[in-house]
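Colleague: Before I ask anything, let me first share the structure, which is written out below as C-alpha cells.
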Amino acid sequence: MTNIRKNHPLLKIINNSLIDLPTPPNISSLWNFGSLLGACLTIQIITGLFLAMHYTADTTTAFSSVTHICRDVNYGWTIRYLHANGASVFFLCLFIHVGRGLYYGSFTLLETWNVGIILLFSVMATAFMGYVLPWGQMSFWGATVITNLLSAIPYIGTDLVEWIWGGFSVSKATLTRFFALHFVLPFVILALVMIHLLFLHETGSNNPLGTSSNSDKIPFHPYYTTKDFLGLLLLILLLMVLTLFYPDLLGDPDNYSPANPLNTPPHIKPEWYFLFAYAILRSIPNKLGGVMALILSILILAIIPLLQPNKQQTMMFRPLSQFLFWILVADLLTLTWIGGQPVEDPFITIGQVASILYFLLMVLIMPTTCLIENKMLKW
C-alpha cells in the first residue's frame, strides 16, 4: 500500500512542497527567511482578523475603537501590539530575504524574482494603509502627505488624488476604503505567495555556491523543517520581546494623539521600514522627481537581472562585489537614519549623497565591478 500523502490530490501538493521536496544540502540559515515570512503573514492575518472584529472604520470612532481594544478587550493590547510589531518583524525578514537574493544571485530565477517584487510592493501598500487606520496624528498626516504625492503626476494627478481620497481631503471615505483594502490585500498577498512558491519549485532553490545541486539533494523534511522551526522560535522570541517589553519602541508618540487636520506634527515621518524610501523622496527638491526616485528605489530590483553580467552566480567568491554589497547595506541604513531626521543641514546633504550612491551602486558601480571580476578570472 502506497503512502496516502503521495497519492491524495490535496496532500500530494503539500507533500511535494514541504515534505519530499528535493532541496540542496548546503543552503544556510539565510534560506530560512522564506518560511519565516510565511509565519509572519499568518500571524498578521490572524491578529488582524481579531482586531477587525472590534475596530470601527469611522473618523469619529476609529481612534476610540483602538483605545477600546487596548483597554477593554481581553488581551486586546497583546493582539494590537503583536500586529503592529509583527509588521516590523515582517519587514525585517523581508529585507534580509531580498538581500540574500541579491548576494547569492537568486534574481536569475526570473519569474520567482519578479513575483517577489510584486509581493514587496503589495506588502508595502498594505502596511501603509494599516498605519492610517488607528487615526492618530501621524496616521492622518502620513496619509495626507503620501497620497498627495500622486498629484505630481502630470494632467491627471489632482483628479487621481481626489479619487483616492473620495473627497477634497483625507476623510471618512478615505479611512473606510483604506480599511477595506487593508483587510483584503493580505489574502491577495497569500495568493501571490502561492505563485511565488510555484515558480520557485519549478526551478528548485539556489544555493550559496551558485552551482547546480541536481546531483545531490536531500528531502525537505526532516532536515529543513527542523532548521526552519529553530528560526521560527527565534522569530517568536524577538516578536514577544518587542511586544511585551518594548511595545512602543518602533512606533511614533504622535500617533497617541487623535487626528487633527488643523494641527500639523513638527516632523511627519512613516514607520522605520519606509524611512529609506522616504529619505530618497525628500532628497530631491522637485516633487515629480522625488516621486519617481521613490518608486525607482524599489522598482530598480526588477532590472537587477539585466544589470548583472557576472559569470559566477553568487558573490561568495567575488570579494570586490561583496565589499560593494556591504557598502549598499550601510548606505540603506544611512538612508533609514536620515529619513527619521528633520529636514535641515547636514541631514539634507547626507541624504542626497546617500541617495545618489544608492542608485550609482545599483546601476553603475556593481555591474562594472562584475565585468572587472570576469576579466580577472579570464572569463
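Cβ coordinates come from backbone N, Cα and C, glycine included.
Bear in mind that the values here come from a model prediction, so they are computed numbers and not experimental data.
Per Swiss-Prot, heme b b562 binding site is recorded for H83, H182. Annotation source Swiss-Prot lists heme b b566 binding site at H97, H196, citing similarity to another entry. The ubiquinone binding site annotation in Swiss-Prot covers H201 and is backed by similarity to another entry. The annotation transmembrane segment is assigned in Swiss-Prot to 33-53, 77-98, 113-133, 178-198, 226-246, 288-308, 320-340, 347-367.
A description of the local structural setting of each listed feature is requested, covering burial, neighbours and distances.
Modeller: Cβ neighbours of H83 (heme b b562 binding site) (same chain, under 8 Å, six or more residues apart in sequence): Q44, T47, G48, L51. Reduced to three states, the DSSP call for H83 (heme b b562 binding site) is helix.
Of all Cβ atoms in the shown protein chains, 21 besides its own fall within 10 Å of the Cβ of H196 (heme b b566 binding site).
In the three-state DSSP assignment, the secondary structure recorded for H201 (ubiquinone binding site) is helix.
Residues 69, 79-80, 82-83, 86-87, 89-90, 93-94, 96-97, 100, 130, 182-183, 186-187, 189-190, 193, 228, 231-232, 235, 239 of the same chain, all 6+ positions outside the transmembrane segment (33-53), place their C-beta atoms under 8 angstroms from a C-beta of that stretch.
For the transmembrane segment (77-98), the list of distant contacts is 30, 33-34, 36-37, 40-41, 43-44, 47-48, 50-51, 66, 69-71, 116, 120, 123, 127, 130, 235, 238-239, 242-244, 247, 250-251, 271-273, 301: same-chain residues at least six beyond its ends, Cβ to Cβ under 8 Å.
Residues 48, 55, 57, 62, 66, 87, 90-91, 94, 98, 101, 106-107, 139-140, 142-143, 146, 174-175, 178-179, 181-182, 185-186, 188-189, 192-193, 195-196, 199, 270-271, 273-274, 298-299, 301-302, 304-305 of the same chain, all 6+ positions outside the transmembrane segment (113-133), place their C-beta atoms under 8 angstroms from a C-beta of that stretch.
Remote same-chain partners of the transmembrane segment (178-198), defined as residues 6 or more beyond its termini with a Cβ less than 8 Å from a stretch Cβ, comprise 17, 38, 41, 44-45, 48, 52, 55, 57, 112, 115-116, 118-119, 122-123, 125-126, 129-130, 132-133, 143.
Panel annotation: around the transmembrane segment (347-367), residues 279-280, 282-284, 293, 296-297, 300, 304, 307-309, 321, 324-325, 327-328, 331-332, 334-335, 338-339, 341 of the same chain, lying at least six beyond its termini, place a Cβ under 8 Å from a Cβ of the stretch.
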Colleague: Checking distant contacts: for the transmembrane segment (320-340), what same-chain residues at least six beyond its ends satisfy Cβ-Cβ under 8 A?
Modeller: 99, 102-103, 269-270, 272, 274-280, 282-283, 310, 347, 350-351, 354-355, 357-358, 361-362, 365-366, 369-370, 372-373
Colleague: Let's check the environment of H201 (ubiquinone binding site): how many other CB atoms sit within 10 Å of its CB?
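Modeller: Its Cβ has 14 other Cβ atoms within 10 Å.
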Colleague: Considering only the binding-site residues H97, H196, H201, which residue has the minimal Cα-Cα separation from H182 (heme b b562 binding site)?
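Modeller: If we rank H97, H196, H201 by Cα distance to H182 (heme b b562 binding site), first place goes to H196.
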Colleague: Does H97 (heme b b566 binding site) have same-chain partners at least 6 apart in sequence with Cβ under 8 Å from its own Cβ, and which are they?
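Modeller: F33, G34, L37 - these are the non-local Cβ neighbours of H97 (heme b b566 binding site), listed in sequence order.
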Colleague: DSSP on H97 (heme b b566 binding site), three-state: which is it?
Modeller: helix
